[in-house]
Structures are given as C-alpha cells and as structure tokens.
Amino acid sequence: MGSQVVQTLRQGVWASLTGGWYHDPDQNKFNNSCHLYLWIFLLMLPLSLHLALPPTTMALSIYCSAITAFFILIKVANYRLHVLFDEGEAVIRSSLSDLSKAQDKKSNASDACSAGISTAEQRPLAVGLQPSPEPSPDDLSSPNPDQAAPLLQAQQRPPSQAEREEVRPASSSGTANMEEDIFEPTVKRIEDSESSHTRSDQTEKQKSSDNDSEKEQREDEEKEASDQDTADEGLPPSKGSGDESEEENQVQKDPSDANNNSLQSSQHDDDEFVDIPELPLQEEDSLDESSEASTQEKPKQKIYYKLRLFPGKWINILYDRLTLMALLDRNHDVRENLVAVFMAFLVSFLGFVLLNHGCFKDFWVFQFCLVIASCHYSLLKVHHHCVNHLQGHNQLVAYSRAAYFCIFCTLIWVLEQLLIIKDLPISNMYGVTIVCHDALSFTYCFPVTFLVGLFPQINTFTIYLLEQIDMHFFGGTAATSLVSAVYSILRSLLALSLLYGFCFGALKEPWDEQHTPALFSGFCGLLVVFSYHLSRQSSDPTHLFTMKRFSVVQKDILLSDLVVCSVAYILTFAITASTVFLSLKPFVTIVLYALAGTVGFVTHYLIPQLRKHHPWLWISHPVLKTKEYYQFEPREDAVLMWFERLYVGLLCFEKYVVYPAIILSALTNDGFALSHRKKLGIHCDVFLTTVAGLKLLRSSFCDPSFHFLTLLFTLVFFHFDCPRASESFLLDFFIMSIIFHKMRELLLKLHFILVYIAPWQIAWGSAFHAFAQPFAVPHSAMLLLQTLLTTVFYTPLAPFLGSAIFISSYPRPIKFWEQKTVVDLSFGYFYSFTSTSMSPGCDDNNLNSIFYEYLTRSLQHSLCGDLLLGRWGNCSAGDCFILASDYLNALVHLIEIGNGLVTFQLRGLEFRGTYCQQREVEAITEGVEEDDACCCCEPGHLPHMLSCNAAFNLRWLAWEVMATKYLLEGYSISENNAATMLQVYDLRKLLITYYLKSIIYYLAHSPKLPTWLKDESIQEALQSYTKWHHIERDPQVFSVKIDEDYVHCLQGVTRASFCNVYLEWIQYCSGKMENPVDCDEDSPLVTLSYALSVLGRRSLGTASHNMSNSLESFLYGFNTLFKGDFRIATKDEWVFADLDLLQKVVAPAVRMSLKLHQDHFTCLEETEEASILYEAITNYRSSLVICHESDPAWRKAVLSSRDTLLTLRHMIDDGTDEYKIIMLYKRHLSFKVIKINKECVRGLWAGQQQELVFLRNRNPERGSIQNSKQALRNMVNSSCDQPLGYPMYVSPLTTSFAGTHRTLSSIGGGALSLDAIRTWFCSKWLRLVMCMYCNSGVNMEDVDCGAGGSLSVSHNRPSSVTSNSLSLYQNRARSSHSRRHHNSGTSPHN
C-alpha cells in the first residue's frame, strides 16, 4: 500500500505539476539526468532572458528562435534515429586487443573514439525486413537504475550473463528492461572492397586461433567475478559465478538482441546471411583493478547502427529503440513533428509576450516560467502513467497541455488589448462587465488544474466546447464525434451568415407599422426554413454520405423538407408582411403566451404525470393506462390510445404553430424597434437578433418540453421582478433559455447529492465510506460551490471512491465516452479497442450479447416514434433509461434528440449478474403498492393511493419508473438442461434413434441421391455393408443401452437388425420422393443408409472419446457433432468421395434429432407414426433454425427476425460443464422503463474513471461498485466502457427516425412529399368523378365501397403486413399435433 501511494505521488501528483518530469527509479541515471537537465533548461531559459534583457522584441526573438531551433534539433534527431532503427543496417563489431597493449588501449580510448579508426571486424547485418513492433510505454525502462551511460565513450562493459538471462524472458513479453544506453559516434571513410575483405579474413583467422584461450579465460574469470568491483562510477557489479557458466552457454546458443530486432549477419562479398548464434560471445575488458592486472585477452563485440551524415561518412550509433523511447517520445510521421515544433513556438511566443507586457510580477514570474517549462516538456516526453494506460497511449496527450496554454494566453492577450481601449462598443450587458481584470489569475493555478484533472484531452475539450456553443447559442443538438462537432458548428455559422445579410438589410433603415419591408419578411421566412431543416438533420455527417440501411427514410426526409420548407416560407412571408403582429400588438402576444402556457402544461406536465407508473409519487397505478397494462404476455403491437393521439396533436401544434408564432411576433416587434433605435450598434443588434431567433426556433422544433416553463420565467422575471434589466423580449427569452437549462442541471445535481448522501439509506461499500461520511458534513458549503461551478461548465460531480465526498471532474460532451465501440459483424460479440476477444466456449455472456444487438435494432425502428408518443415521458439530450425485463437489463443513453430523429447508445448488462446487480434489479422490479406502513405503524392507505412510507421512499430515489408495459420485439429464451433430458439410457437411445432417422430423411431428400447410388467408388467402398452377415462390433461405439438395432447375442449391429428397425422409415421417406428409388432390403439405398448410420454413430463415439457410457462424454461428443466437428475414422473415409454426405446429411441430422428429442416430452404421438414424424421434420426444416451459436448462420437468423431458433450451448460455470438446450421464440417482450437522474450516471461514470485510471484501484470488490438501491450504483458502474465496466454489449451510436415507426405513420399519414400530395389529389379527383357518375344513376354505395376499398388498400398496407406477420406468428412450428394434422392437407388461410 505504501509503495502504491509513493508511486501515485511521484507519477501522478508530481508529474502532473511539472508536465511529466519525475525521477523514475526504473530508468538509468543517464535518462533521469537528461530529463532533469532538460526540464531545468526549459525553466531557466525564459526566466533568465526575462530578468537579464529588457522587454523588447529582441528578447522575444532570441527566446523563440532558441526554443524553435532546440525543438527542431531534437525532433529531427529523434525521428532520424527511429527511421534508422526501422530501416537501417546493424553492424557487428568484434576485435581482440593485444595483451601487451591493454593499458595503452585504456589510456587512448578517447583518442580512438575521436579518430574513428576501428581495427575490428565489421559485419553488416540484414535488418529491417520486418521492423520490430512498437513497444508499449511500460517497456521503456532500463534494468540498471544506478548505471551511468555516457553519450560518447570508446569502451563499454556489457551486462553480465545473469543480467542477460533476466532481460531475455522480459523481452519476450514486451516489458523487457534494456541494456545500457550508449552512443558511440565514430567518423570513418568508406574503404575499398579489397581492403575490407583482407581485414575481414585476418580477423577471422585471429578469432579462430584464440577460441581455446577464450574458454580458459572465461572459467577463471567466473570464479573471481563475484569479488570484483567496477572502477567506473555507476557500472553495476557482475553477478555471481555459480550459475553464470551455464547461463553463458545458453546465451551462446540463443543470444538475445538488445535492440529487440531480428539481426542476421551478411558477408561483404555475397548475400549469404549468417545468424548471430554463430558469432563469439560478446564480452569486453573490464575497467576495474582486477582486469588491469589480468594478462589474458578478452573478445569484444558490439552491435551498432551506421547513420550516414554525408556521402562517405557515417556515425556508429550504439543505441536501441526502447531506450530511445524511454528518453524521448516518438513522433510517428513528419506531420506530428511539425505540429510539435509549431506548438513549442506558440508556447514560447505567447508566454514571453505576456512576460514582456508585465502581466506577472515578483514570484509569479517564476511560476509562469514553470508553466511554460511544463508545456514545453510535455511536447518532448509525455508522462505515460498520467495517461489511461488501460486504453493505451493517446498521442493527443502530448499536445493537450500546450494547446490549453496557447488558448488561455491568447484570451489573456486579447483581454489585455481590450483594456487599452477606452470606449468599447459593448462594456456591459445585464449588469455584467465584459472585460475583467482578474482573468490573468487563472494561469496561476494552471498546474493544479492538470493535477486534479479539470482539463480533458484537447480533442474531447474541442467536442465539448463546440457542442455547448452550438446547443446554447444556435439551438443545435449534441455532437457524436469531433467531425460531428465541427460539421454542426460550421453549418450553423453558414446559416447565420446567410441570415445576417437579410436581417442587416431589413434593419438598416427605419420602417413604419403599416408597412413591413419585404426584406424583413424574407428574413423571417428563411429563418423558419433554416431552423426547420437544421432541426431535421443529424449532427453526424456520415448519414448524408452513407445511406445504406435507412436510405429510403433519408430520402423521404429530404423530399418532405423540400415541400414543408416551401410551404413554410410562403406562409411566414405572408404573415409577417401582413403587419398582423404590429397592428394587434398587445392582444396577439397575450393570446400566444396564454396558449403556449396552457398547451405546454397539458402536454409536458399533466399527461406525462398521469401516464407514469406512480403519478406524482402518490397514486399507486397509472391514471391513463394502455391496453397492454393488464395483459400478461401481449402478442400484438402496442395499441394506439386516445391520449397518445392527443399528445401527438398537441405536440405538433406547439412545435409548428405556437412557438413559431411567438418568435415571429417577437422578431417583428423587436425589429421594428431596432430599426428606429440601435441599442448596441447596428451590427451587434443584427447579430444578436439573428442568433436568438435561430436558437429559439431550432430548439422549439427539436425539443419544446420545457419551453413553456422558460417562457413563464421570462415573463415573470423581466416584467415583474426586474423590469429595468430587460433588453428585448427576444433577447430575454434567449438568455432565459440558457439560464433555465442550467437551473435544471443544478436541480438534478442537488437531487443526486441529497439522495446519495441521505444518512438513513446510505449504502457503505467499504470502511472508507463510513469514515468519509461524517467528514463530508463540514464541507457542505464547498460542495455547494462545486455544484454551482460544475453546473455552469457542464462537468460531472463524482463521488470520491464512491463515498459521500464529491469532487469535480473534467468537462465532457453529452456522449461522455471518448472511445469508439466496434461490433464484430461475424459473430455478434462485443469488441472495442480495449477489450480482448472472449472464448465462445467458456462464458455465455458473449453468446447472449446477440440479444442486445437485436434489441438495439428493434429500438432503432421504434424509439423515436415512442418518444414522440410520450411512452417514455419527457426526454431531453443526455437522459439515461434502464430497460428491465425478465433477463434483459440494458441502459439506454439518449445522446441526440432532433426533430424526428434520436441518436442513442445501448449498454447491455449481464444476464446473471453479481450479487449487487441482483439486489438492484430486485429494487426496480418489486412493487410498493402493498406497503401499508406509515412511520413505525401500519395504518394502511387510501384506495388507489400509496402509503406514506412508500411515497416518502420513492422521493428519495435517483430513478423513477416511467412505464411497466413497454413492448419491443425480441426473443424469449427457454433453457433446458441437456443432462437432465439425457440422464436415462432410454432417453439417449431415443436420441440416437432420431439421429439415424434424420440421417435417412436428409439422405432421401438430397438432390444428389441418384448420383451417390450410381457412384462406383462409393459402391465399391460399401461392399462390406451389403453382406447380411457383416457385424459392426466396436464396443466403444455400439451398445445395447443406446442402440435400438443392437443384437445382444452377436455383440454388435448387423444389416438385418438395422433393416428390422429402420426399413419401414426408409421406405416411407422414399415414397415421398418425387422420383422414388428402389428401397427393398437389398437396395443400394438401404446399403447407403446403413453405412451412414454406422458412420454417424462412430463419429459420435470418436467425439465422445470412446466413452459412450458416460453422460459427460456423451454430451461432449454430441455437442462436438452439433458444432459440425466430425472426426472420421479410417473405416469411414469413403465419405470423402463427396463432402455433402457430411454437410448436407449427417450434420443437419444431428441438429434435427435434438429438436425431435425435445418434442418427445410434449408430443409423444409424433414419434409413433412415420407420417407424423415426417411432417414434423419437414415443418421444422422451413420454420426452425437449428445451428450452433458460433455459426454465422445463427447471428444472421437472429438479426433476420426468424420466428424460432434452437441451439445447444456449452458453458463452464464454476469449473463445471453445463450443456443447455436454448430455444428462442420471437415475440413482444414487456419492459419496465426506468428513468435515471442523468447527473447521477455522469457522476458515477466519472468517479469510476478517476478511481481506476488515476488512483489505480484494481480491487474487484471495491466499495464504489457495491449495490446502492437509491442510485443503482452497481448497474450504472458496470455499464461503463471496458475496462472500467463490464457490459455484455455496447452498441455503436444508433439513430432512430420517426418514419420507421408504423403506429406513428398511421397518425400523420407518413412523410409529406410530392408523390404523397399527387396521390392524395388523384384519389380526391377520382372520388369526385365517381360521385358525378353516381348522380347519373350509378349505385352510390357501390362507388363508395369501391373507392373506399382502393383507398384502404393503399393506406393500410403496414397494418396488413402486420396482420400477416401475426398470423404467421400464431401458426408457428410449436403448434400442436391436431393443428399440424389439420393443416397437412389444406392451404393456409389468407
């Protein structure tokens, strides 16, 4: 625990303050010294220049030039070395020093280095055929923390053999500690090839002659190695000699490469490659006293890279990739290097500009230079432990600190320039000063903000900032990615620029009340058109370019917008040009305000409350009940109720009539006033008017749920409370919409805090929670301040370690999670770039994830329509819901809510969750209607009302049940234990009988049967099966216990016994063929059937490991065959003549036998008669999908909405094997819809991220994930992205459109398009013509019936499809024997 705290303080706290620099004991002295001096240089350079030189442009130029040149040098060298390690040529350098010249060599080491003359053998190695893989950040450490590695030196002692043995296994796992970091530059001219060959031959002879002396010397050295001390400072002593000789021998056989690269030596005269193990062992002279007294020579071998500087000159680099990456971070391409150099220049320029302007005095100069140094250092070496190492190193982290510094310094510089201006066009608004002198103080706490994690990655911050600007100022929707955020803000700015010109032209000149300028009417019309069209489009631009699944819906939306926008422009132009808003000024506005308040109250408060499961948390049941409320298992789509029609009508009236009229009235009145008197200047007035109108109209089209409250607050506050603070109604409404949005967030945060820390229901998950609870009480004022600040900046308020202490997190967009989730389209398992693939045979969670994927697709078709029908209550962007059924529990996160579209993400939880999850599932599924308690007694409750205790407890929950009978298409799952169904031998014998009968059935129905019967190779291989006295006596395969045709006296199976049992079935199947074949006892068909029956049983015995008497082995073998894994014995190799015999006959027979065996328990008569059995198999072939869950056909069948599916699942639960027969039936599933406080979800998610990433708490039983019924803490935390949570499935961002909802389309008649209008006019014209014929004597009723029938057919097509699907649903394969027998000779009813 202590080491973890020290590690957190060093790598978390200190590194966050300094920008990433800290002393790492796992690194060598050279790297730590370089990091220290580098950071000191970056700190002292601006400080010394600022103190020594006057604040002039010259000082600024010197500092910026020095930093830019320094970064260019480092980045170029770093990039060039990495390219060298990837593609360069490694060289082996080996030589023997003369005994008499040992002392001279040591004394002249530096001279030899500077001269660059090498007498060693040089062998270039073939490197770079396949570059070594990129190491992880944890690999960047060296084994010797006390080792000093000078940059330039001539001789270097290699690690001892024991150290190499420690390095080798670590290197194979990707976390190796590398050798000593060395640079040995040597300048040398290229010699001709002849001298190279001569020197190489001489060196080879010298090495071969000294091999014997080398071995003797090594033995003597190993005995004295433990007592030797190194002379050089920092060089580690060699290991003991006890096991070193054995380790050296192993190294000679398989030496490890310090560069982690595959090295092969090559000769100069040809292209032959030689492996490193053939080279002598790498050793060098020691620099200690004992080595000085030694009289024996030692071989020296070094591996270096040749870096060419100029033609004919190079530098020998004794360094490796991992050590270099531990020293400096790698930039993968030139673009990243250019960005890093540019960011370094910006940091130096902006920072020194503020120093020159005198923004900082005394100690704060040093503090600001420290901030500059931390930003520069982060561009060179990012502290990897500060990054979420569970999700991998993100390259954007290197630029985040510098980017924030540039942003805030730019703002400070701009504010300082504004302070110089005496007369600003805008000095204050609503009493708030625009320019503040205290903006500089923010940079003082710059390092602390990174320490506490208040700044996200720069890409996340960009998404958050653009999203907040687009939502609060332009009425946009949430962003789903960085591209989405940029696209949304650009289209809003484009619309704003177009509208600005029209508004400027209309307000430039004054106009009277009797005449509204046409330019202003055109501006209002375009404002409505742009607002409507933008509200109908998703923020994700990929929907415009990849129209695959919903291409028809997207096309309908665009065509509908074309018609609606044209009509809306004409109507808006006509209304605003008629001066109705100016002529009837007080009356129109009062009527519109009253209408908006009444409609909003009924639509968004009264009806949703009456539809809740507990209206006002006092009534025990919904007042407005759906038809499915009292149904146990609804079998049809949800019936459209009258209050749903009323809700949709009021909602459309409010969105498309009331609020557009209010905003157009305010635009007209404010425009008339601004045309005569400019308050803030013409440009500012036009800009604010355009922005306010665009935002209010777009938001009213997208989500008007709280507009009536915003309007009420605006009128009350600016007309009664502070009338002097009012600017104009349009601007007041715009400002109040932002304030009211923040007030709702504040109330949600306060509700979450109070519910979470309520002392009578707090769930202490650990001892720390009990300790933190009383200490959180004195800090209530600080908690309130944090709540206010997090509300303003839209940041989560996270409970620290799940306790009652809350701390602020960094701001996030509504999407919250940065990573992208990927769904594997082959098997339907959940994958993300952080998750590992799951074994399909060990756990059933990955297999059950397909049901959540199907649920996602169901929601994709119905969610938007259900929200418009009010079935989920009032919803807004960022809301979170839990859908709970018998076994499915999913968290649905609403991200974007537009006009006719909803983007969401579904997170499926485990079927069989933990104990904590089960307790929370019980809390949301149990009812409180039977509670009669009131305080400590039980007086009961009034009829249809809740008791006092129940009502009190419901108010102290962070979630609320919105609906109890929400229907979605899904699959009901029935499980049967296969061991129970096959425990008795008679049941296993029945399964084998069905198995063989299914083989005969599929053989008779195969189109290749005539070919197989005439195939000479097959007939020749089956000669032994044609003999009646042939006996199959394999005791491991055939048994009297499981084989119906087993002959006990013969101890086996014969052709006669087989015909005695299965001949009648063969003849019946043959009689059903289109072209019957001979099927007597001696026919080839019987022979082939007999051979296949033997093959099928022998395959089962082989898969069962020849232990058919054991139930476990029998189930294992049957499951192996069910997956399609057949092990063919030598006797049965004749089947390879055509693999369709296995794939089209035996394999489906295994699967069909499982279904027939299951039906035996419900319909016993199906097995007694051949006709019934034959019909059952025929029906199952067409209506039932039977395959293994790992088969792609399973996923395809589920996502294709097949009615019935069956599979055999093998699970390992607590070390025991379980085999379950899974049956899926498609039907309407009933879900409970539970709405969770979205601030509760965001806070718990942020708390988990902080605890697991920053604090590194890996305890699987940590207190922050223990059950808490009032906040559903375990279910929310388990839905986090992996590896923070453990969801079974996380869907990609999915968009649902209103046009795909069948019930909603029946209300409005579908999308409005030119074709729909033309069809409507044609039908009316046809009806008019028919009526004219009726007046001339034709029967009126016949004409009406004919016209009405044609219209009903065209308009009720979706319902007819629904009725047909329901009829198919009712006539599925599970029907009883009587129904199946009745329909065998009749055609289905249409």
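The backbone N, Cα and C atoms fix where each Cβ goes, and this holds for glycine too.
Small disclaimer: the values here were computed from a predicted structure and weren't measured.
The transmembrane segment annotation in TrEMBL covers 36-53 (among others).
What TrEMBL lists as transmembrane segment is 59-77 (among others).
Here TrEMBL flags 127-270 (among others) as region 'Disordered'.
Annotation source TrEMBL lists compositional bias 'Low complexity' at 138-161.
The annotation compositional bias 'Basic and acidic residues' is assigned in TrEMBL to 186-220.
The feature compositional bias 'Acidic residues' is assigned by TrEMBL to 221-232.
Taken from TrEMBL, the feature compositional bias 'Polar residues' applies to 257-266 (among others).
The transmembrane segment annotation in TrEMBL covers 338-357 (among others).
Among the features that TrEMBL reports, transmembrane segment is placed at 363-380 (among others). Using a Cβ-Cβ cut-off under 8 Å and counting only residues 6 or more beyond its ends in the same chain, the transmembrane segment (363-380) has close neighbours at 17-21, 38-39, 42-44, 46-47, 50-51, 67, 71, 74, 328-329, 340, 343-344, 347-348, 351, 354-355, 397-402, 405, 443-444, 446-447.
Taken from TrEMBL, the feature transmembrane segment covers 401-421 (among others).
Per TrEMBL, the feature transmembrane segment maps to 441-466 (among others).
The transmembrane segment feature in TrEMBL is assigned to 473-498 (among others).
Sequence annotations record features per position, and here TrEMBL assigns transmembrane segment to 518-535 (among others).
Outside the transmembrane segment (556-581) by six or more residues, the chain places 513-516, 518, 520-522, 524-526, 528-529, 532-533, 536, 588, 660, 664-665, 667-669, 900, 1297, 1299, 1310-1315, 1317 with a CB less than 8 A from a CB of the stretch. Positions annotated as transmembrane segment by TrEMBL: 556-581 (among others).
Marked as transmembrane segment by TrEMBL: 587-607 (among others).
As annotated by TrEMBL, transmembrane segment applies to 746-763 (among others).
Sequence-distant contacts of the transmembrane segment (473-498) (same chain, six or more residues past either end, CB-CB distance under 8 Å): 459, 462-463, 466-467, 526, 530-531, 534-535, 538-541, 690-691, 694-699, 702, 813-815, 820, 877-878, 895-898, 903, 1293. For the transmembrane segment (59-77), the most Cβ-contacting stretch among 36-53, 338-357, 587-607, 783-807 is 338-357 (pairs under 8 Å). Residues 580-581, 624, 643, 646-647, 650-651, 653-654, 658-659, 661-662, 665, 669, 704-709, 711-712, 715, 870, 874 of the same chain sit 6 or more residues outside the transmembrane segment (587-607) yet have a Cβ under 8 Å from a Cβ within it. Long-range neighbours of the transmembrane segment (36-53) within the same chain, counting only residues 6 or more positions beyond its ends whose Cβ lies under 8 Å from a Cβ of the stretch, are 18-19, 21, 23, 59, 62-63, 66-67, 348, 351-352, 355-356, 365-366, 369-370, 372-373, 376-377, 380-381. Residues 46, 49-50, 55-56, 59-60, 63-64, 67-68, 71-72, 75, 331, 365, 368-369, 371-372, 375-376, 379, 398-399, 402-403, 405-406, 409-410, 412-413, 416 of the same chain sit 6 or more residues outside the transmembrane segment (338-357) yet have a Cβ under 8 Å from a Cβ within it. Here the domain 'Pecanex C-terminal' (1078-1302) has a mean pLDDT of 88 out of 100.
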